[in-house]
Amino acid sequence: MTQTGSARFEGDSWDLASSVGLTATMVAAARAVAGRAPGALVNDQFAEPLVRAVGVDFFVRMASGELDPDELAEDEANGLRRFADAMAIRTHYFDNFFLDATRAGIRQAVILASGLDSRAYRLRWPAGTIVFEVDQPQVIDFKTTTLAGLGAAPTTDRRTVAVDLRDDWPTALQKAGFDNAQRTAWIAEGLLGYLSAEAQDRLLDQITAQSVPGSQFATEVLRDINRLNEEELRGRMRRLAERFRRHGLDLDMSGLVYFGDRTDARTYLADHGWRTASASTTDLLAEHGLPPIDGDDAPFGEVIYVSAELKQKHQDTR
């Protein structure tokens, strides 16, 4: 059985085959599955080779199509299809966010906790756009080396910032050439649930401090990751872990996310000068003709996608 070292602790670190890093591999595998669907919403040609390079057998088989849903138990097959659907609409949402931001004239993009994100290689960026990728050093190094080995080249000026988001990443970002006097498009995709309430607020403070009016930001709100729903969601995550264990993978999401009450990112953003818009997973699935996801196939509950534009910077933001 593949051991992932799931338990979180202060100052923990990971690679793409363990702990929080393994979730990036899981999501990339789902992007590969989603890309094979009829009328696919996403086309991430780098997802499968990156997952293969990480080498976690279950996700390699999933990404390559060797893990045929028809050969799985009914709950596993449906769960795999629905997870791929969820990641398709998520990827499509953040892809479009960046494309819309560049159409609005923004030429500076930041991907926080970039993991196996390949947007700097697969999206069509306008000339002069700089894309900054921020993640732990071993994650950045692995992806850069792997894609170079595949002969892939970025489609824009890609700059890597090898730093933990719990450290002084704004300084590292500026050293890489980030200009906080220019409008920026930021994404924190699949990130906030893996931060404590305090770390989430600090990250949002830092993003706001590094933004000028006209900057844009997109993320997700895990509406149900709170004390009220903790028991139910932990149960869903444990049952998902049992599905994984049937295939030799030890990954328990309940040991990776931070439960408990936290500020809703929409409330934070509105209180700090951002104008927000949001759409639920259910809304986005329906928009693309896909059925809703619920029960054990929604281990995080209802996910809300949020985009925001900074209208007026408040004086108390540091």
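Just so you know, glycine gets a Cβ as well, placed from its N, Cα and C.
Its Cβ taken as reference, D135 (S-adenosyl-L-methionine binding site) is surrounded by 27 other Cβ atoms within 10 Å in the chains shown. Here Swiss-Prot flags D135, D164, L165 as S-adenosyl-L-methionine binding site.
Summarising the S-adenosyl-L-methionine site geometry, the residues cited as binding it (D135, D164, L165) extend over a maximum Cα to Cα distance of 7 Å. Other than D135, D164, L165, the residues of this chain whose Cβ falls within 8 Å of the Cβ centroid of the S-adenosyl-L-methionine site are, in sequence order, L112, A113, V134, Q136, V139, V163, R166, D167, W169.
The secondary structure of D135 (S-adenosyl-L-methionine binding site), as reduced to three states from DSSP, is extended strand.
Using a 10 Å Cβ-Cβ cutoff, D164 (S-adenosyl-L-methionine binding site) registers 17 neighbours. Residue density at L165 (S-adenosyl-L-methionine binding site): 20 other Cβ atoms are found within 10 A of its Cβ, drawing on all protein chains shown.
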